Amino acid sequence: MNQEVMNLFNPQAPAQTFDSIRISIASPEKILSWSYGEIKKPETINYRTFKPERDGLFCARIFGPIKDYECLCGKYKRMKYKGIICEKCGVEVTLSRVRRERMGHIELAAPVAHIWFLKSLPSRIGTLLDMTLKDIERVLYFENYIVTEPGLTSLKEHQLLSEEEYMIAVDEFGEDQFTALIGAEAIYELLASMELEKIAADLRVDLAETTSDLKQKKLMKRLKIVENFLESGNRPEWMIMKIVPVIPPDLRPLVPLDGGRFATSDLNDLYRRVINRNNRLKRLIELRAPGIIIRNEKRMLQEAVDALFDNGRRGRVITGANKRPLKSLSDMLKGKQGRFRQNLLGKRVDYSGRSVIVTGPELKLHQCGLPKKMALELFKPFIYARLDAKGYSSTVKQAKKLVEKERPEVWDILDEVIREHPVLLNRAPTLHRLGIQAFEPTLIEGKAIQLHPLVCTAFNADFDGDQMAVHVPLSLEAQLEARVLMMSTNNILHPANGAPIIVPSQDMVLGLYYLSIVAEKEPGEGMIFADMGELQHALENKVVTLHTKIKGRFKTVDAEGNPVSKIYDTTPGRMIMGELLPKNVNVPFDICNQEMTKKNISKMIDHVYRHCGQKETVIFCDRIMQLGFAHACRAGISFGKDDMVIPESKAKIVAETEALTTEYEQQYNDGLITQGEKYNKVVDAWGKATDKITEEMMARLKAVEFDPVTGRQKQMNSVYMMSHSGARGSVNQMRQLGGMRGLMAKPSGEIIETPIISNFKEGLTVNEYFNSTHGARKGLADTALKTANSGYLTRRLVDVAQDAIISEVDCGAEIGLTMQPIVDAGQIVASIGQRVLGRTALDPILHPVTGEVIVEAGRMVEEKDVEIIEKAGIQSIRIRSALTCETRNGVCAKCYGRDLARGTPVNQGEAVGVIAAQSIGEPGTQLTMRTFHLGGTAQVVDSSYLEASYEGTVKLRNRNVVRNSDGNLVVMGRNMAVLILDATGKERAVHRVTYGSRLFVDEGDTVKRGQRIAEWDPYTRPIMTEVEGYVEFEDLVDGLSVSETADESTGITKRVVIDWRSTPRGSDLKPAMVIKDKAGKILKLSKGGDARFLLSVESILSVEPGAHVKAGDVIARLPMESAKTKDITGGLPRVAELFEARRPKDHAIIAEIDGTVRFGRDYKNKRRIIIEPNDDTIEPVEYLIPKGKPFHLQDGDVIEKGEYILDGNPAPHDILAIKGVEALASYLVNEIQEVYRLQGVLINDKHIEVIVRQMLQKVEITESGDTGYIPGDHVDRIELEEINERLIEEGKKPGSGNPVLLGITKASLQTPSFISAASFQETTRVLTEAAVAGKMDTLQGLKENVIVGRLIPAGTGGMANQIRRIATARDELIIDERRKTSGSAEANAMLVDMTDNAAE
């Protein structure tokens, strides 16, 4: 009853339902229609009465009453006068809430330009009028006149005239012969007189005629804006404002502070300036003031309105009284504190609390401990309701009193309320979806929340003072979702890689590891036990220890569920662990009959989950945790300083290394080696010494010692156990404690030559301590930067991928990606099985030997299939991928494959984009921030030999080899590869071999694993001859193109080609070597060209003129120094660079066509290379390559499409353009994975593919056809396909386009939803663009829906939307049916009527 009475007084308007939001430019009429009255005075409120001034910025007559149902003068009070307008003060009697909704307006005495359309680049007004921004500003800010109507004079339209020129023109032609205006009126006139249709038609004609690229772009931009205006129905002159809207006063409040001062919103100041200047201008115009004064006032009005809309966009920033810039309307929307991100995307939550967390080892996995005090506060409304229902209280007030007194019945009721009512726990920063999980609360004393130890990994929590927030899901639906989807027991697997995330860590691992140790010569060795009872008995009587080698019977079940048992060689500790394994035929005792390191425990849990299901796994994990803690406690493993053993041989190794460094010093002083070489050698020597000491130390720690008295094995070294089990600590940390700290880096990243010889146990000397401070400081600064950078990367990723949702089951795509194992330096880093697990096969996967089908096309690859695939040695598999999915909005379930967090095929409505973004962003903080400098470091980057990674037979692809004078096989081909085939003839490995490598094997040889196949010099690129003959030099003139340089240290001279273009005399030389026969004729090469070898700068000549050379002999070498010292961008910056699709600094140049290399005429300091195609229909392609870049092609070399002309990191755009989408995908996936793999982070490929899909959504129109697009437009790929299908049906000409790769920021800003783009970055620009085009946001993605406050169209929200759609459709059908039936009834009635009349 009370509810209904309340509603009478406070009618709640029903929430509006809508499907889309449109934004456009407001016309003056529109602004007037919003307004409730004009604001004429700058006053706000009367400082004595605190009542708003009439016609002022807070006027009650315009905006509504200040108190509910009370007019300003107090004549009408209460509900009964609702809607009456007081005749004394003119205020309507209504709710004060209308002061948040009603707008006012200011009539401007002179029009002003809207700064967004003027200054937001590209300037809309400028583009429309085809004038530069500078010129328009000159007119707007009253510096120049502009000719709007030249009449018959010699002036041109849009010509700018200064004051003097205007006067001269008036004198010359007379005032009425032409029109020239100044200020916003002039621009208004120009815009109002534009005939958009005619302009658009003219532009189209010009576009068709123009040939220059630049002009075309300019015309296209203008045409686009003209068309936007035509399509949206906006008028260009609306960009000039004659009326300014004023936002409701309660959105820019004025709050009295104590002491008679006021706190006010900046907007009030800005509006005041506008009103003041406007009123002054009106008065001046009435007084007929001189033009110059009026003009100045108009300019000031323009500036005041500019500041109101976007302060600081033009000219000086307007500051308030306290020298702080005023916050304009634009600033209200922009940035992290703006309306979008602060209030629409991030809202405060009611019913929440936060407290410190402590560990709760006796909790079950689905529980958390909630302090009673907190629970009482959080569940208050529920408690009040229950108290009322049970008759303890009749009013809310009484219930409140009971709760405040904390009466015993309140606690009982709290227990009831809490039972089965899950709460959400959240730990900031929430980097992925496992940062919020649901638990069932259990009440505890104290004030800290208890958290289950196994979920710490997911929350990344520890108990050193972390805090967590608790939220209460209120509605039944929310509770249901929390229980079914977010319960900690439902999140056992990691969404990023599908491995278990509920894995014991630290103490638990240590306990389990200790349980599983096997020791020699323990009491009771060799005993046999029939069941656990006997074993427990023996253990308690100390007949055996946990580590004794025994035989034991392990009981499990077979496939039918009958009990079976088997005897194993094991230890009592392992038997205890085996007891906890679920009884299942697929869970053998072997998985815990091994050393339980963290990796093995994880494997065990995964195995149990895959074979026994979720419930069993949860129970198993809880038990294993209890066991781990119990035994970690019993084992009493602790960290003592004597556990860190310093190896005896340390002093010896250090002395040896010091002797070596002294020797290098001496060699340097004698001039035998350079400074750089000495540095490298010293650093290398110390690096080796550190490693040696570490090895010795680890050997000492690992060593098993026996007690001489009892003969039993002593307990293993505690620290070694901690490290080896994976509980805590690494070899690196142990080395610093017990070995030597080793080499340190300078802040610049270079390595300091003198290492730190001491370790922490011995203590550092002052100098050593000082040297080690650099690295420590850098590490701290790094961490701070890393967090921010990683968060920003995640934000961009989420933004680009938020609308990738699973929207249908199967798109029927017949394209996909080819998966192959990833091999790095001969080692397989990702096997093909790992890569295809949980993906859908595109073609049937066949067994290479028997030909039987392992996986049918369209089926998902499961674990059992992976085993068969790995055994069969399949090397490449075609799979479906999100990248090639053809679903219109979103991705289909078949292309995506398995939902990694559930281990089942993905459900419809799953927001895979956001999950992908989180999976890539979450480990961001673990990546390094640094760029690796490979200048002074000790590692040599380039490997100089190739070893076989498999046994098999050698096959040479594109074989092109010769034997040189030493009798070695030398590779002469640019794109030759060594293949190793297995017995069945399948490729096991493919290795590219570089030009000039020496081969140790030939076609058909068999190789063993680890056998050398080829070697080459990593520091020089050879130039070799492929014909035998006599060398002759061309254009190698001493002093001009060749100089003899003597090596200072060794005194050996070498002849080097120098830059001959630096002197005017040498400008047209082409230094080369030619090979001639005895008669002096130039020999021909196999490809038909002359045997002439052009030499580049810095080549070292290896032969003298007239020397006799054999095929395969080196005639010149090109040192590769420049390539060696490049910085490798690693870690986070590299990932960001790849996702942003930036071109690397020195990027590779890739051949676009197959053909022959020719050298063209050189450019200033660039080399021109032309590729002449093999196919005559294609144009030759030219490339310009900077001189001095190491460059290995010769005139006449044959090159294939996709080969590198110049080495380096390729630009992703080039890969896409030349090799296509699949090559690009595999490049990006592999490059990104490499960065994460270095840090040991596992991420499934499909997440990266989802992001890359979002980057490849657009195509650039090349042929517009009848699509209505302009070449160069970016259009959605699928949209273009749909338009083309329609055009082909109508018999018109379809358009075509090339796929373009957009970086994630660009792609986010190009989403079809302007709301989503505006909330991401560059808010003003996005909104300006959207308003001009009159864009419609159909609210398809997640972000837009959050902003307008609807359920997101993913997950349960997606289902709700679907059900709603079905219901609406059904309603319409029912209504139609009713209409039909009622319609026929009416017709019958009319018939009856007519017959009656006829009868009368």
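Along the chain as shown, the residues are counted starting at 1.
Glycine residues also receive a Cβ, built from the backbone N, Cα and C atoms like all the rest.
Straight from Swiss-Prot, the features:
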BINDING   Cys71, Cys73, Cys86, Cys89  Zn(2+) 1 binding site
BINDING   Asp462, Asp464, Asp466  Mg(2+) binding site
BINDING   Cys811, Cys885, Cys892, Cys895  Zn(2+) 2 binding site
Query - Chain-internal residues, separated by at least six, CB under 8 A from Cys811 (Zn(2+) 2 binding site) - result: Cys885, Glu886, Thr887, Cys892, Lys894, Cys895
Query raised in the report: If you skip the near sequence neighbours and keep only those at least six away, which residues in the chain come within under 8 angstroms of Cys89 (Zn(2+) 1 binding site), Cβ to Cβ?
Result: Arg54, Ala60, Arg61, Cys71, Leu72, Cys73, Lys75
Query raised in the report: In this structure, which of the binding-site residues Cys71, Cys73, Cys86, Cys892, Cys895 has the fewest other Cβ atoms within 10 Å of its Cβ?
Result: Cys73
Query - Nearest-integer angstrom distance between the alpha carbons (Cα) of Asp464 (Mg(2+) binding site) and Cys86 (Zn(2+) 1 binding site) - result: 65
**Report entry** Those binding-site residues listed as Asp462, Asp464, Asp466, and which of them has the most Cβ atoms within 10 Å of its own Cβ
**Finding:** Asp466
Query - Cβ-based neighbourhood (8 Å from the centroid) of the Zn(2+) 1 site, residues Cys71, Cys73, Cys86, Cys89 excluded - result: Leu72, Gly74, Lys75, Tyr76, Glu87, Lys88, Gly90, Val91
Report summary line: Here the 10 Å Cβ neighbour count for Cys885 (Zn(2+) 2 binding site) comes out at 26
Query - Integer Å distance between the CA atoms belonging to Asp466 (Mg(2+) binding site) and Cys86 (Zn(2+) 1 binding site) - result: 59
Query raised in the report: What are the other residues, in sequence order, whose C-beta lies within 8 angstroms of the center of the C-beta atoms of Cys811, Cys885, Cys892, Cys895 at the Zn(2+) 2 site?
Result: Glu808, Asp810, Ala813, Arg880, Ala882, Thr884, Glu886, Thr887, Val891, Ala893, Lys894, Tyr896
Requested in this report: Other than Asp462, Asp464, Asp466, which residues of the same chain sit close to Mg(2+)? List them in sequence order, counting a residue when its Cβ is within 8 Å of the Cβ centroid of the site.
Outcome: Ile357, Ala461, Phe463, Gly465
